[in-house]
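Asks: One structure coming up, written as structure tokens, with questions to follow.
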Amino acid sequence: MAGTTGGPGTCDQTEDRNGGSWIESLPRKSSTSVDLTHGNSTFSGEGESSALTDIPLVDEESEEVISSNRTLRSNGPSGGGGGGGGIGVSRMDRRTEPLLPLVDEPRGEDPRDSSAHPTSKHTHTLPRLPGDGDTSAGSSRGSSVNEDDGLSESARYGYKASYYSTDEDAGPLKHQAARGSTGLLQQQKVIGGGGGGGGGDRTSAAEVMWNGKDVRRAPLQREVPIALSKLLLYRLVVLGRLVVMILFLRYRVLNPNPAAYGLWLASVACEVWFGFSWILDQLPKWSPVTRKTYLDRLSLRFERAGEESTLPPVDVFVSTADAEKEPPLVTANVILSILAMDYPPERVSCYLSDDGAALLTFEAMAETACFARSWIPFCKTFDIEPRAPEVYFSMKFDYTVGKTRPDFVMARRQLKQEYEEFKVRVNALVQKSKKPPSGGFRMSDGSAWPGQYRSDHPGMIQVFLQPEGMTRDIQGNALPRLVYISREKRPRFDHNKKAGAMNALLRASALVSNGAFILNLDCDHYVNNSKAMREAICYLMDPVVGDRVSFVQFPQRFDGVDKNDRYANHNFVFFDVNMKGLDGQQGPMYVGTGCVFRRQAVYGLNPPRRTVRGSKGQGGGGGGGVLPRLCKGCYMCLCGWCWKGCKSGGSEDVRTALIPGHTISSEEALRFPSKWHAQRFGMCSDFVITTMDADGRVPYLTPLQLLNDVILVISCGYEDNTEWGRTVGWMYGSVTEDIVTGLSMHVKGWRSVYAMPSAAAFKGSAPINLTDRLGQVLRWATGSVEIFFSRHNPMWCYWGRHLQFVERVAYINTAVYPFTSVALIVYCLIPAICLFTDKFIVGEIDDTAVLWFLLLFLFIFLNAGLEIFWSQISLEDWWRNEQFWVIGGSSAHLVAVMQGLLKVFAGVDTSFTLTAKAAEDDDEFGELYAVRFTWLMIPPTVLMIVNLFACVVGFAREVNRSAGNKQWGQLLGKTFFSFWVLIHLYPFVKGLTGRAQRLPTTIVLWSLLVAVIIALLWVQI
């Protein structure tokens, strides 16, 4: 698909709409969509083939045709780390040295036989990577390496290494940037970028001092433990509850009720399981912490006055799969909030994965790219928060507070009008997509859309914006990169759902921008705090502990939730209690969105080796040595050797992640086993090269080479016979790929960090409708059951690795919590059975039984109260969480367990299809009252009806008894537990009745039928 523009709404029209705006008249460049050739082409292809329109590039000043095959820019920081490596910057290109070595196809001979690979005696001049040695001009030009040395090492793995040769004619000028000077690069009209002479730091000693300390070594974050006065009492209460629970269970076990032995046994079994489940949930909350970042130190370290920002490049992944269920206007707002982040635009790349291959999404992104030219400068000029236009313009507040520029009001008025026009154009695209033409969808140039069939189409990529391109904002500034990608889909291929899409993005982005860090957002989660990325960088680039942080997880916050949060959508107990507790251990779990990853950690590499003071060996600084690592498959390693006789450090270098600024030299790259990389990452040699870099550099490739590589890595069969989805990238095998992916990183020894800035970093939309909310919980619970029955179950997997014990307990709780639904259902039915049969779980309600029961309830409430105290959540939030624990446990969790058991033991893959339809109500919370039938509603309705009837039966029995035989005390005890069940199900009843304030007839009839069947079975038994 070549020669196409980005949709019906072109940016040339946008330029006319912007005429006479608040921005002073500036020379504006054409805003047509820009692709990998800096022109107007959309790339697509089948397998490894592709189509490309080759557009020559013209220097704007000399109007000289430079080349149509320019190499892709590198994203490395200006004057990168340790000597050499200056960056040449042109109007369309910014370069560093290429990554080495390249990996070619394997030879047919035995890879272990070096004699089978004749080598020549030619000497190649290798461009040196930053950090190769001194920074003199002579040493920066390159180093001569004999092919005998390099190829003999690589030949053992069946691959030969090849190199790019430097231009001999431009030799003296090639690396002048190493000393911060300017010069010509590759005989082109290019402005030379300041280099990294003197170890990559171009500032004087006085400029890097901050309060008497070296800014580069000053911590960017610190841990703020919860006050001991709060935690000490909390821990005492937890221990007290544990002791009382053990004594209570001991009393229950030693005092059975022979008259109702079945009820007693079932109740004790449920109570034991509840106790075990509470321990799994409570233990990770033993040492909660909070954190504080220093954004001013981050700026002093990476953004010095008068110099180009050296903040690490970041890639942002946004995934969508269905343009009908995930409105493109919502996705567009997310994209706009990302592009307008408070981060250098040339270091931000946003990738949208369209797994539905919808022309609607593609055209909406073209419109978004046009509107971004006005929206981004408006946000940055006037410091707008939040930077999602739909949210900002719909907020009811005094928008003039804190604004001092007199042109702000006029600018806001004009931008709001532009946004309304933008919405109309996107809505027009939505309406057009609802009526597919007979010949299939076509793009604005008349060519057929390649994604006519969402399950059978080639891979596609379109670069709408990029910093080096001709498209600028209306102030003439560079724009962040915006890339649309739709991976190849073919029938009979398992595409692994969202995890597969994320892995395709991971590979494609590595070839285009190769950002050192990756922000993952859902298509309905916008950037609410424009400094969120800087917050994450403070943790990931912290000089003290940052190199061992694999990801930074932010809490999920939501808009559009009713004020009572009927279905606990905010989930404050998990995000503000459990996750803080995990942060005091090995770190929080990855929960699917709002997470910033270290790219090297996503590749499945190990964290950098720890050093121990005083130990001998290769250590930095004060003689710190390297701790021994575990051999693959061996758990008895000691001091670098294990009892099996295998050396622990064998191939540790290639399995260890690189940290930004710590690049490998060309000589070190030669020692990397290329075959190991290919078997792990796939057969795209240019992509494999990027995995050996952590500074955002990419290989020198022509546009055609780049296109072919991108199409290759997003093809269906690329992951065959590789480690993708098993040890590399997002993990496969579960619908909750986020939990398994985070677990795989923690197992390797990485830690994670929980970031809670004062202003929520990201906000999204939550399913406030009961049906949609139950469907969401069902997906989560199904994923946990899949983990329980998979090779990732932490109960019996990963022992002897680097997963800490308390962290393991948290993951075990994640895998087993759906099974609590079985005990919950039984325990909620026991009060009704007791009322029906006039029996009780306790033989005699004496003072001892009452004492243990009251003590247990007292410690339960004390425990909850102190959690509320130190976590700063409200009592209402805690109570809503308890209510929905019963609602979800008696419905979605139970169904998830049934699905898992059927899948494992019967091979039946059963799933519930939930239809999501928009509510017809025009008010804000109209969807809250919409009632849509789902089978998940039947179990809680049965519990409610059974307990209500049981209370009526029990009360009628006592009324009809003779005066001397009445047992109102026992009736009160039995009805108390039924009342406990009913008050927990109250939000469910509210959602079930809707605005009509009556139960749907279908649900009532089915529930009565199930209740009658249960009653008949009980009578029969």
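Heads up, the Cβ atoms here are built off N, Cα and C, so glycines get one too.
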Asks: Quick test of your reading of TrEMBL: among 242-263, 968-989, where does it put transmembrane segment?
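Replies: From TrEMBL, the annotated transmembrane segment range turns out to be 968-989.
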Asks: Of all the recorded positions given, Glu326, Asp355, Asp522, Asp738, which has the fewest Cβ neighbours within 10 Å once its own Cβ is left out?
Replies: Glu326
Asks: Can you tell which of the binding-site residues Ser319, Lys325, Lys497 lies nearest to Asp522 (Mn(2+) binding site) in space, using Cα positions?
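Replies: That would be Ser319, nearest by Cα distance.
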Asks: Validating a neighbour-count step here. Other CB atoms within 10 A of the CB of Lys325 (UDP-alpha-D-glucose binding site): how many?
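Replies: Within a 10 Å radius of the Cβ of Lys325 (UDP-alpha-D-glucose binding site) lie 11 other Cβ atoms.
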Asks: For the UDP-alpha-D-glucose site given as Ser319, Lys325, Glu326, Asp355, Lys497, which other residues of the same chain have their Cβ within 8 Å of the site's Cβ centre?
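Replies: Surrounding the site, in chain order, are Thr320, Ala321, Asp322, Gly356, Lys498, Ala501, Cys523.
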Asks: Return the residues near Lys498 (Mn(2+) binding site), defined as same-chain residues 6+ apart in sequence whose C-beta is under 8 angstroms from its C-beta, sorted by sequence, else 'none'.
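Replies: Looking at Cβ-Cβ distances below 8 Å from Lys498 (Mn(2+) binding site), excluding near sequence neighbours, one finds Ser319, Ala321, Asp355, Trp730, Glu737.
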Asks: Please state how far apart, in Å and to a whole number, the two most distant Cα atoms are among Ser319, Lys325, Glu326, Asp355, Lys497, the recorded UDP-alpha-D-glucose-binding residues.
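Replies: Overall maximum Cα spacing for these binding residues reaches 16 Å.
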Asks: What's the CA to CA span in angstrom from Lys325 (UDP-alpha-D-glucose binding site) over to Asp738 (active site)?
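Replies: Approximately 21 Å lies between the Cα of Lys325 (UDP-alpha-D-glucose binding site) and that of Asp738 (active site).
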Asks: Looking only at C-alpha atoms, tell me how far Lys497 (UDP-alpha-D-glucose binding site) is from Asp738 (active site), rounded to the nearest Å.
Replies: 12
Asks: Determine the Cβ neighbour count for Ser319 (UDP-alpha-D-glucose binding site): the number of other Cβ atoms within 10 Å of its Cβ.
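Replies: I get 24 for this one.
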